[in-house]
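Trainee: Look at TrEMBL and you will find B:6-25, B:45-68, B:74-93, B:114-134, B:154-171, B:183-201, B:240-264, B:359-390, B:411-431, B:437-459, B:466-484, B:490-515 (among others) tagged as transmembrane segment.
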Amino acid sequence: MVRKIDKSKADAYFREKNTYMIIYFIIWALVSYGVVLIAEPLSDVYFNGFPFHYYMGAQGALAVFIILLFVNAIVGDKIDKKYGIDEKRNEEIGKTSVSEH
Amino acid sequence: MDSQFIVSLAIILATFALYIFIAVYNKAKETSDFYVAGRGVPPIWNGMAIGADWMSAASFIGMAGTIMMLGYDGLAYIMGWTGGYLLLTFLLAPQLRKSGCYTVPEFIGDRFKSNTALIIAAICTMIISFTYSIGQLSGSGVVIGRLFEIDAKLGTMIGVVLIAIYAAFGGMKGITWTQVAQYLVLIIAYLVPVIFMSLQITGNPLPWLTYGNIVSELGELDKQLGLSEYFAPFEKGTKWQFLALMFTLMAGTAGLPHVIARFYTVSTMKAARWSGAWALLFIGLLYFSAPAYAAFSRFILMTQVAGSKIAELPAWTKTWVDTGLLQVADTSGDGILQWNELIIANDIVVMATPEIANLGIFVIGLVAAGAMAAALSTAGGLLIAISSAFAHDIYYRILKPTATDKQRLTVGRITIVVATLLAGIVALNPPGAITQIVAWAFALATGTFFPALVLGVWWKRSNSKGLIAGLLVGLAVTLAYIFAAKYGGFTILGIIDTGAGVFGAAAAFAANIIVSLATKPPSQEIQDAVINLRYPEQMTYKNGEVFMED
């Protein structure tokens, strides 16, 4: 069944997802580009045997990237639930909405 | 024939038999299956397949060696080749999945309602994927050639035949499950030697926790030799080159057609975001380990190999010296091999270290099988991308819209065979080092598809004229910078050819936005379709209103 919903509700969904996305990208940029920019002073700090700038390049940034992607997947599911999105319906629609060529 | 040869051959043949068995078992029957695996691959398995697609000969064979040579500056590859998954998973993958297209050029053709745009995008896809696959085929040639002690050219031809057979007959469905198997083989092959080396050196089986002290010790050893410390930043290039390379690798990841195509094989937008997360976790296992591999290799070379008597060097040195990739010269004439008298090529570090550390013939054979899995799995995904760009986007959508499924499948298979043979021929005399070719493919993706797709998905005002201007300008600027930096010695802020994507992307964004704004906005129908990509499948946007399907 197809029913019309308030556009402001759909936009709230879009805005909420974008807000999280912007937060993720700020963290993403800080741990990669941000750390590289101040690599020299960080090299005097040690962490788990590593100079800290080296640790971030070799493990830290990557670990944050993976965590952000899983947080995004889980938070995305929560937002879907909040707005009454049903994954089973999505799968059915996804199968049929494939452009016919 | 020595026992090493027999063991390596047996392991490689066993893994190949497995891949081919899976490909034949899943032989594609319909075109939909052939291109996107019937759109039902669960996120975890799709994540592994993305991992195998993604981790090429450059990641497996080249990366640890590059980090060993470049020290901290080499870590741009670690962050660049992984951080791109956030751009891809947040900005593009779910939206492209909702569009319901089969390929990147098709999305561009539909989004901009322009056959010219479709053709340019299809050609860009073919250029990028072809460039990339040359590197993979020549990588497989080096491994096969070294292993069986035959000419690398003959090795390349063997790789060409293998990849053409299973890509053409299995289609992507064959490849998806084949790639899951390839992922498992390559990750085991990479982790086993790192764990063994960690046990040998630190007595701890978890290299990720212990190699920090080795990195610091390497810095001390360098200091004693009067060299700059291993971990000192920006010794091999400027800070700007580091940042530009990292950006190029990240944005290129989000713009590579064969990687994006993987996200069409999931069922929904939700599955797309989970696939991205699983993919980076599986890829991360290798990327976490590569700097450890580099540190252990350098430590073993500095403490166990350097300082030994030239006359008493172990057997492995001779085999590798014979390949021309390792040089030991007693320039000081004291009969002792000094660290600075040992010249080792980047690309043999991963292959040679198990021999150097004496990890046994089984581990050495396993590493060879993993390297082959990395090269061939990526080549498979690239060839599917080339095949769909031609058979689906150019042949079916432009040349012959009346073609039957069977004709399209046939054209797709012929394309794969022809592209493989052509790439194989170029790979016999590659135009540059493998890592160099791969970096150019990333720069081209950064300069073309990354701006085109980001604006296409997120900015409804972007129109076909802007898109075409962006693609052409981005392609031209990226190519021009690569050539000017590589052959003309022209650089800006010390950014060399591998960082060229920064300039290509900037020019492409500017061209797309300026030309779009200077010309007519796209039709209301197109703008509605772009807004529609914001919402999940159940919500549909039409004429300013949103409809929900329950």
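Each Cβ is built from the backbone N, Cα and C atoms, and glycine gets one as well.
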Trainee: With pairs 6 or more apart in sequence, are the transmembrane segment (B:74-93) and the transmembrane segment (B:437-459) linked by at least 3 Cβ pairs under 8 Å?
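Mentor: Between the transmembrane segment (B:437-459) and the transmembrane segment (B:74-93), which are separate recorded stretches, there is contact, as judged by 3 or more close Cβ pairs.
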Trainee: For the transmembrane segment (B:490-515), name the stretch out of B:6-25, B:45-68, B:183-201, B:411-431, B:466-484 with the most CB-CB pairs under 8 Å.
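Mentor: Comparing B:6-25, B:45-68, B:183-201, B:411-431, B:466-484 against the transmembrane segment (B:490-515), the winner is B:466-484.
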Trainee: Relative to the transmembrane segment (B:45-68), which of B:114-134, B:240-264, B:359-390, B:437-459 accounts for the most Cβ pairs at distances under 8 Å?
Mentor: B:359-390
Trainee: Under 8 Å between C-beta atoms and at least six residues away from its ends: which parts of the chain pack against the transmembrane segment (B:437-459)?
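Mentor: Here the qualifying positions are 56, 58, 87, 91-92, 95-96, 104, 107-108, 111-112, 121, 124, 127-129, 131-132, 134-135, 138, 245, 247-249, 251-257, 260, 430-431, 466-467, 470-471, 474-475, 477-479, 481-482, 497-505, 507-509, 512-513, 516, 530, 533.
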Trainee: Report, as numbers and ranges, every residue of the chain located at least six residues beyond the transmembrane segment (B:183-201) whose Cβ falls under 8 Å of a Cβ in that stretch; write 'none' if there are none.
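Mentor: For the transmembrane segment (B:183-201), the sequence-distant neighbours (Cβ-Cβ under 8 Å, at least 6 residues beyond its ends) are 15, 48-49, 51-52, 55, 60, 207, 210-211, 214, 282, 285-286, 289, 292-293, 296-297, 299-300, 350, 353-354, 357, 359, 363, 366-367, 369-371, 373-374, 377.
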Trainee: Counting CB pairs under 8 Å, which listed stretch among B:114-134, B:240-264, B:466-484 touches the transmembrane segment (B:359-390) the most?
Mentor: B:114-134
